Structure formats: C-alpha cells, structure tokens
Amino acid sequence: MKKFSVVIAGGGSTFTPGIVLMLLDNMDKFPIRKLKFYDNDKERQAIVAGACEIILKEKAPEIEFLATTNPKEAFTDVDFVMAHIRVGKYAMRELDEKIPLKYGVVGQETCGPGGIAYGMRSIGGVIEILDYMEKYSPNAWMLNYSNPAAIVAEATRKLRPNSKILNICDMPIGIETRMAEILGLESRKEMTVKYYGLNHFGWWSDIRDKDGNDLMPKLKEHVKKYGYVAENGDTQHTDASWNDTFAKAKDVYAVDPSTLPNTYLKYYLFPDYVVEHSNKEYTRANEVMDGREKFVFGECKKVIENQSTKGCKMEIDEHASYIVDLARAISYNTHERMLLIVPNNGSIENFDSTGMVEIPCIVGSNGPEPLTMGKIPQFQKGLMEQQVSVEKLVVEAWKEKSYQKLWQAITLSRTVPSAKVAKQILDELIEVNKDYWPELN
C-alpha cells in the first residue's frame with residue numbers, strides 16, 4: 001500500500017494537534033510516510049511542531065517529520081496539502097467581530113462584514129499556498145478547509161480555475177453528527193443526505209437511512225422543539241455560544257419547515273437577535289483566545305517540557321476524519337459521497353451556473369462529480385442569489401483593488417441595514433487591515 005507525504009499548511013494552528021492525532025488514528029486507512037508543517041509564523045509553529053514531533057516519536061516513529069517556514073522545503077515531494085490557515089490570527093478575528101458590532105451589525109468570523117474582512121485577508125494566503133503546491137508538487141491535491149470557505153472557494157474558481165483544490169467545510173459534518181445522535185444512529189455515515197446551498201448557507205432537503213427510509217419527519221419533530229441540541233453533540237462545537245446557535249436552529253427551521261437549516265443561517269435571518277445577544281467587549285474570538293488557544297498552547301508546552309505526552313489532555317479531532325475520507329477518495333477512487341464546495345454548472349437547475357455551491361459530490365481519483373439537485377424553492381434561491389453576489393463582489397474587489405466593489409459587497413449583505421452603515425464599517429476595516437488587504441482605490 002502506497003504511503004503518502006502530507007504537508008499541513010497552518011502548522012501553528014490550534015487545530016493542528018487534533019488533526020495530527022486523527023491522522024495517526026487512521027494510519028490503517030491512510031498510511032503516511034512523511035508529515036510536514038508549514039507556517040509563516042516560525043515561533044508559533046515551533047510550539048505546536050515541538051509537541052507534535054514528540055507525539056509522532058511515541059505513536060509512529062517511522063514517519064519522517066519536518067516543520068519549516070521555507071515553501072520549497074514544505075511543498076516539495078507531497079501528495080496532499082491540508083490547509084487550515086488564519087491570516088491575521090485571532091487578533092484580527094477579534095476586530096472582524098467587534099467593528100461591525102459597534103454599528104449594531106452582526107460581528108461574526110465568516111458572516112457579514114467580519115467574514116468579508118477575513119475573506120479579503122485569506123484570498124492571497126490561500127492562492128499563495130496553491131501556487132507553491134503547483135510549483136513544487138504539480139501532481140498534489142490541496143484539501144482546503146480554511147475559512148471563510150465560500151469566499152476562498154470563489155477566489156480559487158476565478159483566479160486559479162484549473163487547480164487541484166477541493167474546498168470542504170466541517171460545519172455540515174458537525175450538524176450531521178448531532179442528527180445521527182438525535183436519531184439514535186451510530187454514525188452520520190448511516191445517513192444519505194441531500195443538501196444544497198452555499199458554504200455556511202444551506203439546507204438539508206432529504207435524509208434517509210441505508211434502507212431508504214425517510215428520517216426527515218423524526219428530525220423535524222426534534223428540531224421544531226429543541227433545535228440541534230443533543231445529549232453529546234459533536235466534539236468540535238461545544239462552548240456556550242455554540243449551544244445557543246444549536247438551540248436557535250428551531251427558529252431558523254420555523255421559517256421553512258420543508259427543509260432543515262445550516263445553523264449559520266441564524267446570522268442572516270435573525271441578525272437583530274444575534275446583535276442583541278452579543279457582548280461587544282467580549283466576542284467569540286476572545287472566547288477562543290482564552291479557551292482553546294490557551295489550552296492547546298499550554299498542553300503543547302507541557303509535552304515539550306516533559307519530552308512526553310504522558311498526562312497530555314489534547315484529544316483526537318475525530319470529526320476531522322472527513323479529511324482522511326477525502327484524501328482516500330482521491331487516492332483510492334473510493335467514490336465516497338461528500339459535501340464539497342464546487343462550481344454549480346447546472347447541478348442546481350435554477351441557480352447561477354458559476355456560483356460556488358455546497359452540494360453532495362461523488363469523489364474519485366479525478367476529483368468531485370457533483371450530483372444533480374434539480375430546482376430549488378424561491379425562498380432559498382432568493383437568499384442564495386443575494387449571498388453569492390456578495391461573495392463574487394468580494395473576490396472582484398480583491399482582484400481589482402476596488403473600494404467601490406467592496407462597499408457594494410458589504411451593502412448587499414443581509415446583515416447590514418444600509419449603504420451608509422456599510423461604508424462606516426468598511427472605512428474602519430480598511431484602517432485595521434492595512435497589513436493584510438491590497439490597497440483599495
């Protein structure tokens with residue numbers, strides 16, 4: 001069985017140790033000969049890499065390991081690039097959230113003006129990594145789960161149309177894990193789903209078990225009362241702010257009881273509620289910096305100090321095993337059915353053919369083959385057309401360095417009440433993003 005060489009782009013991420021543990025747990029399905037970390041923040045990466053090197057020595061000493069800030073070293077001789085980068089780190093995420101909130105607008109990592117700001121920072125970073133991969137390992141595939149996935153996917157479609165990149169998001173997986181629990185199933189893989197939308201902006205229209213029995217009525221009964229709140233939930237989304245999001249799904253569901261919604265629709269359909277329940281001084285970014293970031297870096301430092309993982313509390317990110325499913329589908333032509341973000345090309349009959357949609361695909365050695373979704377209802381179509389236009393305008397603004405188009409993008413977001421407020425937020429975002437955005441004219 002071939003052994004693979006993998007580079008993790010974003011080696012200094014708080015998610016990296018959990019993903020490394022997950023890869024080690026799946027070595028029987030996806031054997032690795034070489035694992036590399038790449039990051040442009042040497043100090044930050046050194047802490048995570050130092051701990052991961054010890055984890056590897058203990059669990060899989062045969063794997064060759066390297067952490068580097070040198071693109072040539074990182075991207076030469078790799079089969080897969082697994083990318084989770086955060087340009088500007090959590091300090092910039094904090095501003096993405098707090099600046100819009102100052103104006104009474106949703107402040108969120110991937111939705112509204114904050115998501116647009118993050119997108120403007122991320123496009124260049126993801127394109128750069130893609131270019132390194134194509135230069136040094138032209139046969140490799142990039143598995144990208146960097147946020148904001150919708151804008152990043154649109155950017156790769158428009159700016160690098162022939163590149164071997166698969167854009168995937170873990171949010172539907174987290175929700176499906178909860179659905180499986182609500183239904184009393186062992187795993188979300190016992191369900192076959194139909195889902196359509198944009199990234200962080202979609203709906204389940206059909207969910208069946210392996211025998212073809214319709215599971216929607218039972219799920220709807222639960223969601224109508226409790227949202228996606230479940231006993232155990234998924235391992236990824238556990239904080240108090242997430243619990244509110246899963247509970248609020250019942251109100252999002254009520255707007256269209258014929259489908260089951262992605263939780264992120266709360267930000268677009270109930271922005272007033274979101275702002276009202278936000279703390280302008282302490283946002284999700286603060287929660288993460290004080291929670292996961294301190295925890296992960298604290299644990300990594302302990303592992304390095306003890307030169308051992310004994311007593312280490314870092315856990316496998318089990319729900320990240322979708323990354324292995326995707327790599328296996330490409331490597332072994334497994335024809336796994338997965339939700340990916342792909343050009344619509346008529347899959348949704350009555351929607352923009354160039355829009356990047358999130359739909360089920362059959363994945364094999366040549367990449368994804370999107371399934372046909374047919375026509376979608378007017379309500380979803382209307383919301384999606386507005387949102388896909390936001391995403392396209394952001395990418396055009398980045399490419400053309402256009403102030404006008406970015407103002408239009410923010411104005412068009414459902415989360416923003418007027419062009420005046422959009423301009424105020426934009427001008428403040430430009431100030432703080434000088435080191436990250438192209439200079440707009």
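Keep in mind that glycine also has a Cβ here, set from the backbone N, Cα and C atoms.
The annotation NAD(+) binding site is assigned in Swiss-Prot to 4-70 on the grounds of similarity to another entry. Taking all protein chains in view, 14 other C-beta atoms sit within 10 angstroms of the C-beta of GLU58 (NAD(+) binding site).
Here the Cβ of ASN147 (substrate binding site) has 23 other Cβ atoms within 10 Å, regardless of which shown protein chain they belong to. The feature substrate binding site is assigned by Swiss-Prot to ARG93, ASN147, ARG284, with similarity to another entry given as support.
Long-range Cβ contacts of GLU109 (site 'Increases basicity of active site Tyr') within its own chain (separation 6+, distance under 8 Å): ARG93, ASP96, GLU97, GLY115, TYR118, ASN147, PRO148, ARG284, ALA285. Classification of GLU109 (site 'Increases basicity of active site Tyr') by DSSP places it in coil, neither helical nor stranded. The annotation site 'Increases basicity of active site Tyr' is assigned in Swiss-Prot to GLU109.
Taken from Swiss-Prot, the feature Mn(2+) binding site covers CYS169, HIS200. Of all Cβ atoms in the shown protein chains, 25 besides its own fall within 10 Å of the Cβ of CYS169 (Mn(2+) binding site). Look at CYS169 (Mn(2+) binding site): DSSP puts it in coil.
Sequence annotations record features per position, and here Swiss-Prot assigns active site, proton donor to ASP170 based on similarity to another entry. Counted within 10 Å of its Cβ, the other Cβ atoms near ASP170 (active site, proton donor) come to 22, all protein chains included.
Summarising the annotation, Swiss-Prot assigns active site, proton acceptor to TYR264. Sequence-distant neighbours of TYR264 (active site, proton acceptor) (same chain, 6+ apart, CB under 8 A from its CB) are THR110, CYS111, MET171, HIS200, PHE201. For the recorded site, TYR264 (active site, proton acceptor), the DSSP three-state label reads coil.
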Distance in Å spanning the most remote Cα pair of ARG93, ASN147, ARG284, given for substrate: 15
Cα-Cα distance linking CYS169 (Mn(2+) binding site) and PHE4 (NAD(+) binding site), given in Å to the nearest integer: 23
CB-centroid shell, 8 A cutoff, substrate site ARG93, ASN147, ARG284, site residues removed: ARG86, TYR90, ASP96, GLU97, GLN108, GLU109, THR110, GLY114, TYR118, ALA285, VAL288
Rounded Cα separation (Å) that holds between ALA67 (NAD(+) binding site) and CYS169 (Mn(2+) binding site): 25
Residue among binding-site residues SER13, ASN40, ALA49, GLU58 with Cα closest to the Cα of ASP170 (active site, proton donor): SER13
Fewest-neighbour residue among binding-site residues, criterion Cβ within 10 Å, set SER13, ASN40: ASN40
